[in-house]
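**Q** Have a look at this one before I ask anything.
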Amino acid sequence: MSVERDDEYSKFMPNKLAYHVVPGADFQCKLAHQNSRKLSTIDEQDYEQANRRGMRNQVLATCAVLLLSAGCGMPIGFSAVLLPQLSDGNTTEIPIDVDTGSWIASVHSLATPFGSLLSGPLADYLGRRKTLLVSVIPLFLGWSTLATAKSVKIMIFARFLCGFATGILGGPGQVYIAETAEPNLRSLLIGAPYVAYSCGILLVYSLGSIMYWRNVAWCANVLPFLAVVSIYCIPETPSWLLRNGHEKKALQALTFLRGSEISAQKEVNDMKQRLDKERDTTKTNENIFRLCCQRVAIKPLVIVIVFSLLQMFSGTFIVIFYAIDIVSEFGADFDSKQAAIWTAAVRVVCCMIFCAILIFVRRRRIMILSGIGSGVFCLALSGFMYARMGHPKMSYDLLVAGGCLLGYIVFNTALMVMPGIMIGELFPARIRGRTAGGVFASMNVALFIFAKGFPALQSLLKMRGVFLVFGFSSFLLTIFMCLFQPETKGRSLEHIEDYFNGNNWLWFRRDRGYKTVKLLPLQPLKENAAESA
């Protein structure tokens, strides 16, 4: 009986009590600190891996665009390969004269504005990525038609198709890189298309020195084919996807580009907030012209257009077109093919160095130094020409002229690359695609007119007077950019848009908060997770 009672009692009161030692507060804090350090180390490692993965994917996406940019750079320099071979007395396959040759060379620039005007609506309707794929179609047709051409008319039509494709590519290519790259990588990547253009020119010059022009045309289809395969594997820009109601795809694209879904979700949330705010203040029936008249759009438009005009009058492209003719005025005796290859090689190296400089040096400082350097070398060359006027040619004339031209090319490369960078960075998101195409079209029309009128300007002012105009235009460009161009290095596209939405036009009258804002480092994944929670 007692045993049953003890069993019943043990249900409520155990016979043996278990004891355990509770550590003191200091020991608990120390243990918690060690655990937190382990978790922090793991989170930091995950963050670093995600950051490296995102940077790698952004570079790969840019490289896909660069393949197409190099492919579109080849027809720019193809006339330098084609015309000498057609003019060679040893071949009568397609006879040409001087006037016909000028049309074959210039029709590419004449066709580019038509493609640029079409690229804006295509980029906003189809998307940046699909527009890049569309540009490959006329490029394929142009090169294939050119390789099989039997008459001058077919040849001119083929050159028109290649120029049309180049025009379609220009704006969407810059916008794609600007919208997919992080601010700290955008400095490097957004100038890379000009390196690709220069590489395409160098490639076609090199092929033309060892191959027949028809074979060069067939080989030029390789880069567009590789570009199609590469672009097919990269995502559309998250900004365009979000604006067109594809939030899930935007998150997927941003996860690929940033390497982390948590960071991508945070960025998508910020983009959605800005988009909702923008739609609340924008009428749905406003057309592109009314949108461009708003201060957030009219300011960058004025800056880009004035800069482009002053850049042309500073001789950026004219010196490239006529570099060999300029040097030949000093009695130089050289192989024209080798001179063209070396000119293109110098341009490639300068573009690559400039893209590397963009990572470390501010945009305003680069443009001011480039404008001053270009002006100094132009005035030095003009002054030397005036000083040597009426004197017999000496051996050092070529050395001095070549040195001044080389210095001009080194400093002026930045001015050649900057319009594309400005188009990708300064324009507001709602009109970026259409405005980029229109501005590229206007720039190409102005360049075509200026290039056509240059021989008349040269005959009126002589080469020494032309370089005097180039020098003063470079200094005017420097003054204009010093007054109006904002600093964009390390700034997000949204931050730049907020700057232009202010009341100021002049840089020195800006909100001082813009100057002090720096690009904040990305927070580790654990902090982002805490914020999202």
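Quick reminder: no glycine exception, Cβ is built from N, Cα and C everywhere.
Just so you know, TrEMBL annotations are computer predictions that nobody has curated.
So TrEMBL says this about it:
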- 59-83: transmembrane segment (TRANSMEM)
- 59-489: domain 'Major facilitator superfamily (MFS) profile' (DOMAIN)
- 132-149: transmembrane segment (TRANSMEM)
- 155-176: transmembrane segment (TRANSMEM)
- 188-206: transmembrane segment (TRANSMEM)
- 301-324: transmembrane segment (TRANSMEM)
- 339-361: transmembrane segment (TRANSMEM)
- 368-387: transmembrane segment (TRANSMEM)
- 399-423: transmembrane segment (TRANSMEM)
- 435-454: transmembrane segment (TRANSMEM)
- 466-484: transmembrane segment (TRANSMEM)
**Q** Mean pLDDT over the domain 'Major facilitator superfamily (MFS) profile' (59-489): what is the value?
**A** 83
**Q** Would you confirm whether the transmembrane segment (188-206) and the transmembrane segment (132-149) meet the contact rule of 3 or more C-beta pairs below 8 angstroms, pairs 6 or more apart in sequence?
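**A** No, the transmembrane segment (188-206) does not contact the transmembrane segment (132-149).
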**Q** With Cβ-Cβ distances below 8 Å as the criterion, list the same-chain residues six or more beyond the ends of the transmembrane segment (435-454) that contact it, or say none.
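**A** Residues packing against the transmembrane segment (435-454) from afar: 106, 109-110, 112-114, 116-123, 167, 170-172, 174-175, 288, 292, 297, 301, 304-305, 308-309, 312-313, 317-318, 321-322, 419, 423-424, 427, 466.
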**Q** Short question: which residues 6 or more past the ends of the transmembrane segment (155-176) have a Cβ under 8 Å from it?
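**A** For the transmembrane segment (155-176), the nonlocal Cβ contacts are 61, 65, 68-69, 72, 75-76, 78-79, 94, 103-104, 107-120, 122-123, 128-129, 131-132, 134-139, 141-143, 145-146, 149, 190, 193, 237, 420-421, 423-424, 432-433, 436-437, 439-441, 444.
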